[in-house]
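**Q** According to TrEMBL, the record shows the following:
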type     : residues : note
TRANSMEM : 32-51    : transmembrane segment
DOMAIN   : 32-449   : domain 'Major facilitator superfamily (MFS) profile'
TRANSMEM : 71-93    : transmembrane segment
TRANSMEM : 100-119  : transmembrane segment
TRANSMEM : 125-148  : transmembrane segment
TRANSMEM : 160-181  : transmembrane segment
TRANSMEM : 193-215  : transmembrane segment
TRANSMEM : 264-284  : transmembrane segment
TRANSMEM : 304-321  : transmembrane segment
TRANSMEM : 328-350  : transmembrane segment
TRANSMEM : 356-377  : transmembrane segment
TRANSMEM : 389-408  : transmembrane segment
TRANSMEM : 420-441  : transmembrane segment
Amino acid sequence: MTTTGGYDSDLHVPCPAHTTERRIVSRIDLHVVPFLVVLYLLAFLDRVNVANARAFGLESDLHMAPNSVEYNTALTIFFVPYIVLEIPSNILLKRFSPRIWLSVCCLGFGLVSVCQGLVQSYAGLLVTRFFLGVFECGMFPGCFYLLGMWYRRPEAQKRFSLFFSSTSLAGAFGGLLASAIGNLDHVRGYRGWRWIFILEGVLTFCVGLVFLFTFPSFPEQATWLSEDERAYVRARLEADQGRNAAERTITLADVKTVMSDIKVWLGGLMYFGLIVPAYSYAYFAPTIIGAYGYSPIQTQLRSVPPWAGAFGLAMLVAVVSDWARHRFLFAILPICISIAGFAVLLTVHTHIDVEYAALFLIAAGTYSAMPVIVCWFNMNLGGHHRRAIGTAWQIGFGNIGGIIATYSFISTDSPLFKKGYSICVSFICLSAASCCLYALAIARENRRRAKAVHDVGLTEYEKTELGVCFLLSFFHPPPFPIHLLGAPAEYLDCALFRLPQDLNPEFRYML
């Protein structure tokens, strides 16, 4: 991204004379991305640390029946409010601003996490897990929604993947932290699993207090930008994504309009299919590794490297995807890696090193594909309203898969867990099929819009709600007819498919 003669080189948007596009984007990175990464790292850590606590005696201390599904039920109850409250949370986020809403949620789930460490019964664990879902419901869709309102589509994937990879960092950090906190077993009369919840909850609550005064909001509310810089940020985003109608409140009619689009449903299915293996790994990796005969401390330590590998591959995929300005193949290829990992676990049962290596494939493939799918779908939603509703729908519907994941791995299936692995492969294939259908749907829509007479009879509101993206590839010349992907031949420019200047970008979707 460069500027030439005071203009954005891609979109021809005038840049303020005292700065450059690169400097402004760097400032956005500094003021937005680190906060979101830390917030979701803490949220995911507080969500899945129950898996670490299980290895330190959670079930026996709370008198949970051995070889039962009580632990699975405790995981499941989290998803009930988490799923139901996604869309209302995003509506409230827009009403109160991300700084207020997400910071209050952070304070809430930090406090609930502390309470998890103080419960004395299984019923108390269920109650705290439920309220953890209440306060965490807005984290994921809210953060993706906020990211989508700051960045152009060609520069978004790296930021989306860096944010999403905080889950990998949380998994790795959680394993290291749990192995250290586990040494506090019986300190001041508390078992090690209680200290995991208490200390991590206190950390989250303290960070939430800081975020209440420092967390970023939408571009229109950014006090760290001057007025002309805010105008420039809004202009470059509008040139890339169309008008966002930030000033209009979201109504039930907006929800109905967004949910009438088949592409929105496909977006939910893409994410739904990957949530099952993602949560299966997050919640049960310590259990799977422990079944190989390692001690609780060794189990926590060995859970770290696969998460680190997932972070590395996710960022590599993101960088190449943004460079190529393409999403579809960068979702499908990691999915294939994840399937390969599960295939190994289904067929190899006598070589622990090979089985452990398969966990690297599963974590890396699953957690690399997920941010691509979310970014691809999110950045194809135009305006505050479609993005707020569509993102919350995708995350909310997708997290139904979390309920399936919690019952996929039960104690009686240990140590082979064939049923759980088979379920994961089935849902990954569902995600892959949905990705293909979504790509076909947007290619068809691009062809239809390319042939249509633009802007005829559209109100200003209708223009803000149109899906927005462009179709690109990284072949030059392409090895197939361009029109098969929905782009007329005259749209070819250098090594990429670009929009001609007279075509409103509101009418193009990104493949």
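Note that Cβ sites are derived from N, Cα and C of the backbone, with glycine treated the same way.
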**Q** Looking only at the domain 'Major facilitator superfamily (MFS) profile' (32-449), what is the model's average confidence as pLDDT?
**A** 87
**Q** Look over the recorded stretches 71-93, 125-148, 328-350, 420-441 and say which has the most C-beta pairs under 8 A to the transmembrane segment (389-408).
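**A** Going through each listed stretch, the top one turns out to be 71-93.
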**Q** Mind checking which residues reach the transmembrane segment (193-215)? Cβ under 8 Å, same chain, six or more beyond either end.
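**A** Contacts of the transmembrane segment (193-215) (Cβ under 8 Å, skipping residues fewer than 6 from its ends): 35, 38-39, 42-43, 45-46, 49, 52-54, 56-58, 61, 98-100, 102-104, 106-107, 109-118, 177-178, 181-182, 184-185, 187.
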